[in-house]
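Undergrad: Handing you this structure, nothing more for now.
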Amino acid sequence: MADQRQHGKEGPGMADTPEGRSVSRRDLVLLQRQVLQRELPVRVVTSGLGYLLSGLFLPGWVILACIIVHLTFEAIGDRAMRDLDPDAEPLRHALALAAIFIVELAFTAPAALIWHHPSPYAKAFAVGLGTATVMHLSTIRAIYLPIGRAGMAAVTLAAIATNTVFWWQKGEGPLSPVAIFSLLCILGTISYGLGALSSNHELHRTNAQEKARAEAANEAKTRFMAQMSHELRTPLNAILGLGRAELARSTDQTSRERLSVLIASAEGLATLLDDILDVTAVDEGRLPLRPAPTDLRAQLAATVALFRPAAEAAGVALSLDVAPEVPGMAMLDAKRLRQCLTNLLSNALKHTTEGEIVLSASVQAPATGVAAAPMLRIDLTDTGTGIAPDLRERLFQRYVTQDRTGHGRGLGLSISRGLLRQMGGDLALAPLTGAPGTGAHFVLTLPLEPVAPAEASEAGGRDTEGRDMGESASGGSGSGRSGSGGREPATGPDARLHGLRVLVVDDIASNLMVARHMLEQLGCGVSEARSGTAALGLLGQDPAGVVLLDLNMPDMDGTATLAAIRALPGGGNVPVLAMTAETGAAASGHLPDQGFDGFVGKPVEAAILRAELLRVLSARARPDAISG
C-alpha cells in the first residue's frame, strides 16, 4: 500500500482521497459494520415503529412476513461483513450486498403496498416511510458505498414497481403524463438520496483516512521519541557516570566545582527528557499504573527526607504532618505518587527562600449519601514568593511557568495533574487566603483503597531497599530527578554484594566503563561482553550471579539474548536485569512479560543499581522467587 501511494497509483481495493492518499475497502467495510452495530438500538426502535404503524393499513401476516425477512437477512448481512475483504472474498462480498438489498426491500415493501390504500393518510405515511428509508441509506449506510447503493437499488425498484402498478390500476398507461410525472418525482428523490449518499461517503472516507494518518503520525512520533531517548541517554550515561566517578576522586576544589556544574547540567537534561516522555505517555494514556500495597506513611516520610538536605541548605524548615486517620497501608502506585510529590516539593523549594514548607496528609471523607471511597488529601503549603494572579488559572497548562529565570520547563505540574487524574484523583491550587506573594497552597487528592491484611503482611515483609520494576528505570522518583533532592548516591562497598560476579553485556564501550566502575565501587566482581553471543560464551564457561543486559544491541538484541540465557543449563536461576535507555511506560509495560527480573534505566545511578541488585538477590532467595 505504501509503495502504491508513493508512486501515485491506485491499487486494488483502494479509494483515493482528495489528498491522493488511499484507504482500503476492507477498512471501510469494518467501519461500516461498527457503525451499524453501534446504531442497532436506534434502528431496532425506528424500524419497529415503522412496522407497527404499517399494521394500521396492512394485514398482520404481511407485516410479520416482512419482519422475519428483515431480521433474517440483517443477520446474514452482518455475518457476511465480519472481517470481510471485498477484493479477496468476492462471493461473500456479493452475499453481503444481496442481504442488504433484501433487508431494504423488506422494509420498503409495506410502504409500497400502503401506497395502494385509498386513505390519504396511508399515502402520506407511505411517502414518509420511503423518504425515511432514503435518509437512512444516505447517512447510516454511507460509509461503504456499495452497501448504500445496494439499499438504494432496492428502494428504487420497490418505488418504481408500485408506482407503475398503481397507475395501471387507475387505467393510466405507463406513458401517461401523470405516470411519467410521478416517475420523475421518484427518480428525483432517489437521485437526491444518491447524491447525499456519495457526499456522506466521501466525508466518512476522508475522516477515516485522516484518522489513519493521525495514528500513523502518532506512532512515528512515539518511535522517534523512543529512539531519541536511547540516543540521548547513552551519552548522558557516560557523562553522569564518569562525571560522578571523577567528582568522588577529585580533591581539587576548582575541579569539583566544575564537575558539579557538569553533573547538574546533565541531570537537568535527563530530567527534561523524562518530562517530555512522560507528557507524551500521559497524553496517549500509555503511562502504566501499578497499584500495590504500599506503606503510605513511610512513602511520605521518605519523600520529605529526600528534600530535607536541600531545604536545610537553603535555610527553609521542611516538615511533615500526617493525621492519625491516615492508614499505614494503602493500595496505590507509590512511584507515581512520589513523582507528583517530588514535583511539588521541588517547586516549593525553588520559590521559597525563607520560612517553611509543610506537607500534611489527611483523609477526606466522601460527601454524605455519596457511595465513594475516601480520598487521601495531601496539602503542600509554603511561605515563598507565591503565584502571580495572572498565572493561577493557567498554572497547570503545559509550558506555563512562574520561574522568571527561564530555567523552569513548565511540565512538572501538568504531568502531575495528568497522572493524578489518571489514578482517579486531582491536583489543584487552593484559593488564595492571604495577600498575593505570600506563598502557595497545593491540594493533591487520591482515592484510598483498602488493603487486605494478607496483602499488607506480604508487602510489609518485603526488602525495604527493593524497588518494583517500573520504578527502577527512572531513579525511583519517577523522572530521574536524582540530583534535585539532595540525595547522595550510594557508591560505597556493600557487604551484601561483596564477591558477587556481575556480567555486563553492552555493545558500547562507555556504558561498559560506567557499569564496571559502579559495580566495583559496590564490591562486585565484573566481567564484560560486547554482544549477546559473547555473553553466552562467558556464561557457558563461568556462570554469573547477575547479568546486566543491554536491550539494543546489533545482531542479537537483549530479548533474544535473554531467551538464550534461559535455555542454558541453570540459566533460569540467573537474575537478569535489563540495562536500557527505554525507560518509563515502554519499559515498565513489556519487560516483565519478557522474563526480565528488573531493569536499570540509563543514565545509570549507583543507588538504583545497588537497590536493584539487592532486590533481585533477595527475590531469588525467597521460596516464591520468580523463576526463569
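Each Cβ is built from the backbone N, Cα and C atoms, and glycine gets one as well.
Curation plays no part in TrEMBL annotations; they are all automatic predictions.
Model, not experiment: these values are computed from the prediction.
Features from TrEMBL:
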type	residues	note
COMPBIAS	1-10	compositional bias 'Basic and acidic residues'
TRANSMEM	49-73	transmembrane segment
TRANSMEM	94-115	transmembrane segment
TRANSMEM	150-169	transmembrane segment
TRANSMEM	175-197	transmembrane segment
DOMAIN	227-450	domain 'Histidine kinase'
COMPBIAS	460-470	compositional bias 'Basic and acidic residues'
COMPBIAS	473-486	compositional bias 'Gly residues'
DOMAIN	501-617	domain 'Response regulatory'
MOD_RES	D550	4-aspartylphosphate
Undergrad: Using Cβ-Cβ distances, find the residues under 8 Å from D550 (4-aspartylphosphate) that belong to the same chain and are at least 6 apart in sequence, listing them in sequence order.
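TA: Same-chain residues close to D550 (4-aspartylphosphate) (Cβ under 8 Å, separated by 6 or more) are V505, D506, D507, I508, N511, G558, A578, M579, T580.
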Undergrad: How does the model score the domain 'Histidine kinase' (227-450) in terms of mean pLDDT?
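TA: Looking only at the domain 'Histidine kinase' (227-450), pLDDT averages out to 82.
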Undergrad: What are the DSSP helix/strand/coil residue counts across the domain 'Response regulatory' (501-617)?
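TA: Helix, strand, coil within the domain 'Response regulatory' (501-617): 58 helix, 24 strand, 35 coil.
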